[in-house]
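The N-linked glycosylation site annotation in Swiss-Prot covers N29, N34, N64, N83, N132, N183, N218, N288 and rests on sequence analysis. Per Swiss-Prot, signal peptide is recorded for 1-26.
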Amino acid sequence: MSIFFSIRFWPAAISAAILWLPQVLGRSNGTAPNYTVEELWKLETTFWDNFLYPANVEQMEAINSTLFTQDVQGRVDITRVFNGSELNTEYIFGLFSDPDHVSLVGVPVDYSITQFIAQGNIASATTVVTFNATSFGNLLVPVTIDTWIMWDADGRIMQYDATFRWFGFLLDTLVEALAESINGTTSQATASLTQLLATTICATHDQYCTGANQQYDNNTACLDFLTSAIPLGKDYELGRNTLLCREVHEHMVQYDPALHCPHIGPTGGDYCVDDQTYAQKVLQKYFNQSWIVGVPSTGDIWLGD
């Protein structure tokens, strides 16, 4: 596989960039900051610089990343919504920060912004992120992520909306790579992936979900539920009652067992549940600020009540 990237950045400058951004950016017009396009580009690239491994480890260890406001709102199409800086720090940075742990896509190692337009305090971009899928023989996979990001006057992300483009194709590619590595069929690879993810989740449960946080009676009950009672999940079901959803949340259990253990348990907590129809997901009222710029936002059905 040959992948070419036109934009490269150096992690050594990341911390310094974070420190000076709030001081020089974000001239406010009294309602929302009015950045130049160049300033918004710098804010955009600063986020992606910190998204890459190992810079994301430093962000994760901060607990509450300074890249987010305390009440940040985030939505990811294949999963769900995420509220607050601590939760977003865990999911945005912690989810992809351990190359030695079993995961679907591994760790992000490079990126190229291929589309970008910005105005005021909002930028819309398409970013192709290269992940090292360490659980699939260090397979390098390009993942396309479309984002809308809004910043406050201090250069912190106050809300974002992210879409993983062609994610179903990505899942099929990973399964095919696994099938090739085991010299088996895609059905056999899917079964192998199911067993691998379930075994990892149950090991995490046994280690961290103890006492009041225990979700399964024992390891066998955990494996039986994850491999038999729920489906692996489709590409849009990483926020529903599936194994793939629990794979996402398994990475977070170590940081806050009381919060995240229910997400990998039989109930799914508030995240791995089938509580939305298609229409309810599409029409969900969520964001505090409208993404519409320059014209009245009357009729914006995504604005929260």
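Cβ coordinates are placed from backbone N, Cα and C, and glycine is handled just like the others.
Neighbour density at the Cβ, taken as the number of other Cβ atoms within 10 Å, is lowest among the glycosylation sites N34, N64, N132, N183, N218 for N183. Taking the C-alpha atom of N83 (N-linked glycosylation site) as reference, the shortest distance to any of the glycosylation sites N64, N183, N218 belongs to N64. Cα to Cα, N34 (N-linked glycosylation site) and N288 (N-linked glycosylation site) are separated by 18 Å. Of N132, N183, N218, all annotated as glycosylation sites, the residue with the shortest Cα distance to N288 (N-linked glycosylation site) is N132.
Between the alpha carbons (Cα) of N132 (N-linked glycosylation site) and N183 (N-linked glycosylation site) lies a span of roughly 21 Å. A simple way to gauge crowding: the CB of N288 (N-linked glycosylation site) has 11 other CB atoms within 10 angstroms, across all the protein chains here. Across the fold, the C-alpha of N64 (N-linked glycosylation site) and the C-alpha of N218 (N-linked glycosylation site) stand 33 Å from each other. For N83 (N-linked glycosylation site), the count of additional Cβ atoms within 10 Å of its Cβ stands at 12 [all protein chains shown]. Cα spacing between N183 (N-linked glycosylation site) and N218 (N-linked glycosylation site): 33 Å, rounded to the nearest whole number.
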